[in-house]
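Structure first, then comments.
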Amino acid sequence: MTGTWSLIRLILRRDRVLLPLWIVISALLPASIAASTAGLYTDQAARDAFAAASMSNPAQLAMRGVIHEASVGGLTAWTLGSSLTLIGGLVSILLVLRHTRAEEEAGRRELLSSGVVGRHAPLAAALVVVPAANVLLGLLSVPGLVANGLPAGSSLLFGLSVAGGGCAFAAVAAVTAQLTASSGTARGLAIGVGGLMFALRAAADTGGVAWPAWLSPFGWVRLTRAYAGDRWWVLGLFVVFVAVLAAGAFALSVRRDVAGGLLPARQGPATGTLRGAFGLAGRLHRGTLAGFAIGFGLLGALLGVSARGLDTQLNTPQFRDLAAVLGGSGARVSDVFFSFVMYVLSQLVTGAALVSALRARGEEVAGRADLLLSTPVGRLRWALSHLAFALAGPALLLAVLGVAAGLAYDCDALRVAGATLAYLPAVWTVVGIATLAFGVLPGLAAAVSWTALGIFLVVDLLAEFRLASGVVLDVSPFVHVPALLLDGAGSPVAPLLALTAVAGALAVAGLALLRRRDLATA
Amino acid sequence: MNAVVHAEGLVKAFGRAKALDGLDLTVEKGEVHGFLGPNGAGKTTTIRILLGQMRADGGRITLLGGDPWRDATELHRRLAYVPGDVTLWPSLTGGEVIDLLGRVRGGLDPERRADLLERFELDPRKKCRAYSKGNRQKVALVAAFASDVELLVLDEPTSGLDPLMEAVFNECVVREKRRGRTVLLSSHILSEVETLCDRVSIIRAGRTVESGTLADLRHLTRTSVTAELIGPADGLAALPGVHELTVDGARLRCQVDQDALTAVLGELARSGVRALTTQPPTLEELFLRHYQAAAR
């Protein structure tokens, strides 16, 4: 264990931005949810009605589980238990692997191990910092909850439950880090275990059989019943789980070589069939794209299921009025809901498209473009091979999203898919911006593209709260897409053609500038 | 003109720093040309200009009779390049990368591919993420040597190879030369270039300081000799071609011109030798001597 303390300091130094950001956001979230719950549902009758509606919605049951008590505290714990464990678990997995297996894969661990650093030190350091961060964020959330008038004891229990969830997945990652030589595979394994755990809890809460929830940290986070009876002893399950897995990870780590894994590295074909730049791009993009397609498909299905009950659940005069204001008289609440959600999701799809669009720049930075471009593959062909996936990818994702949502909702998949695909030209416009930045400011391409998307998000948010109008609003390409599910929507042809033209012009300019500049790795 | 590469007064600046400051380079057809310079001298920058990845700010450059920037795609059909720091696609196997590079270069010889894999002891079924630096380099080398091109551009190709593999690499370069191919080989190690190259260009701080055959550069190469003697070696100081002689008890150090080595060793043998080390001159010593020669 020699050198653990130095490695802890190294981790804190490397993640000096990420760690505080994650801790602060996660610690502030409970107080803000508690405040808004108290504000939205002022009396017990309102809270009971909300709880009853939520419990009759299978999507809510699957996502968040059962509401134990319809108090402000009970609802806050229900709203956040699953989501905070999801976020904390994911961040914990990524952090632990980043400081263990990824370091080994990059060869940096060897450098450290040749110094005075014990065999167990890297794993020990990661397993100190990440769980400590989880516990810290759990403790920091307590004062905010107490300030909202919630009991201190239950708030502490809630904070520790969430911390326990994060720690559990840090321990899972510690084990998967020992199994494979590739950090990507270790990440996939850990996230897969997380998915399985989530599914166990979701199955228990929707299926009416309680015991599977007891097998999953996602279940334990809710089974502590904070604000609804406070079962402190459930925290012991986290402690046992983390202790067993951590001990297992240390035991496994002495049975393998540095940079080796317990599972044999998979071998691939000795000869290749890739024909050129486009074949290579296909190989590089297909995994990510398939992952996104599955994700958006599931998201769409979940939304479709949630929207099913909306028309009856929200059949109150207020919501009918709201629907009429937003969607014209006689608009269905579910159509308004879908239109709004599509708007937000199209921006998520844009994020996925940016990942593809920026891949060419990633290849350039890594130096792999140098090798490929020293062959008869020209720059334009190379850039187009990646751009093709940045343009076709979002078309696939929007179609999958729309079809899945439509099928899960009312079987009119084509109508919903048409509405989602209408966002394609807006997504392309952001891809165009990324391509232009890649051509002219390669070092800032990623920053410029994501900032542009961020600005559009803010503009849209302002629009939603009626805080912006006119010229400011026109900046965002998403604002110009008509909501095709609503009767009042105008003809989509003109705005969509205009957006496509803008996207095309941006991309062409970017490609032309790319041909004129030096390749640069920084 | 028969030159495969011809550069004159090449200038390239990155911001205020000048990477190339009037560099000249001529590589004749069929020769193995050593491109020598310390780290940061501008070797890789020159090669990147040669490959059309960068445009020079000034000077003239032709590659295989064409303009490396304008005619990049056509010219690249006739050359293969191995970068100094080879990075490959982590999810592809070595074999897949070799075949991809071979195919885009217009096909590779399957027999030579198999032969090279065996000689370099490379497992083509491993994913590139699992390869060490040396093995990644081997992937790029196999792809380059197995393809049918006129010019090989190799940027510090042996920096990750062990001595055994370096020997295999040397054999491959000799074979390519016999086939009539031209090789541009950059390195910061003089001895590596010495064994392979017909001609050498030495650059420093973006300028060419020497260019010619190794015999031309002989006046710059002195061997440094350290010996522990049994008896005194008084005759040594009087020999022509012995420089910077220091004697510290039984220990003796000096710099010896290449053609005076025989005489020096004879003199040492007469005195009786307990221990002897000789070292070829390092590049830095060479530069030092070059500047001393220029100052005289």
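For all residues, glycine too, the Cβ spot is worked out from N, Cα and C.
Through the fold, the transmembrane segment (A:75-97) approaches residues 15, 18-19, 22, 26, 29-30, 33-34, 37, 41, 47, 50-51, 63-68, 126-127, 129-131, 133-134, 137, 145, 150, 158, 161-163, 165-170, 172-174, 176-177, 183, 186-187, 190-191, 194, 198, 201, 217-218, 221-222, 226-228 of its own chain, all at least 6 residues removed from its boundaries and within a Cβ separation under 8 Å. What TrEMBL records for A:75-97 (among others) is transmembrane segment.
Long-range contacts of the transmembrane segment (A:117-137) within its own chain (CB-CB distance under 8 A, at least 6 residues past either end) are made by residues 1-4, 6-8, 10-12, 15, 19, 22-23, 26-27, 88, 92, 95-96, 99-100, 103-104, 109, 159-160, 162-167, 170-171, 174, 177, 242, 246, 249-250, 253-254. Annotation source TrEMBL lists transmembrane segment at A:117-137 (among others).
The transmembrane segment feature in TrEMBL is assigned to A:157-177 (among others).
Sequence annotations record features per position, and here TrEMBL assigns transmembrane segment to A:189-212 (among others). When Cβ-Cβ distances below 8 Å are used as the criterion, the transmembrane segment (A:189-212) is approached by residues 58, 61-63, 65-66, 82, 86, 89-90, 93, 97, 169, 172-173, 176, 179-180, 218-219, 222 of the same chain, each at least six residues removed from its ends.
Taken from TrEMBL, the feature transmembrane segment applies to A:232-254 (among others).
Residues or ranges marked as transmembrane segment in TrEMBL: A:289-310 (among others).
Tertiary proximity for the transmembrane segment (A:336-358) is limited to same-chain residues at least six positions away from its ends with a CB under 8 Å from its CB atoms, namely 285, 288-289, 292, 296, 299, 303, 307, 310, 322-323, 326-327, 386-387, 389-391, 393-394, 397-398, 401-402, 405, 409, 416, 419-420, 423, 426-428, 430-431, 434-435, 438, 445-446, 449-450, 453, 456-457, 460, 478, 481, 483, 485-486. Residues or ranges marked as transmembrane segment in TrEMBL: A:336-358 (among others).
For A:387-409 (among others), the entry in TrEMBL reads transmembrane segment. Packing against the transmembrane segment (A:387-409) from elsewhere in the chain are residues 278, 281-282, 285, 289, 292-293, 296-305, 307-308, 334, 338, 342, 345-346, 349-350, 352-354, 356-357, 359-360, 415-421, 423-424, 427-428, 431, 434-435, 507, 511: each is 6 or more residues past its ends and has a CB under 8 Å from a CB in it.
Residues of the same chain lying 6 or more positions beyond the ends of the transmembrane segment (A:421-441) and with a Cβ under 8 Å from any Cβ of it are 342-343, 346, 349-350, 353-354, 357-358, 360-361, 383, 387, 390-391, 394-395, 398-399, 402, 448-449, 452-453, 456, 477-478, 480-482, 484, 492, 496-497, 499-500, 502-507, 509-514, 517. Positions annotated as transmembrane segment by TrEMBL: A:421-441 (among others).
Residues or ranges marked as transmembrane segment in TrEMBL: A:453-473 (among others).
Per TrEMBL, the feature transmembrane segment maps to A:493-514 (among others).
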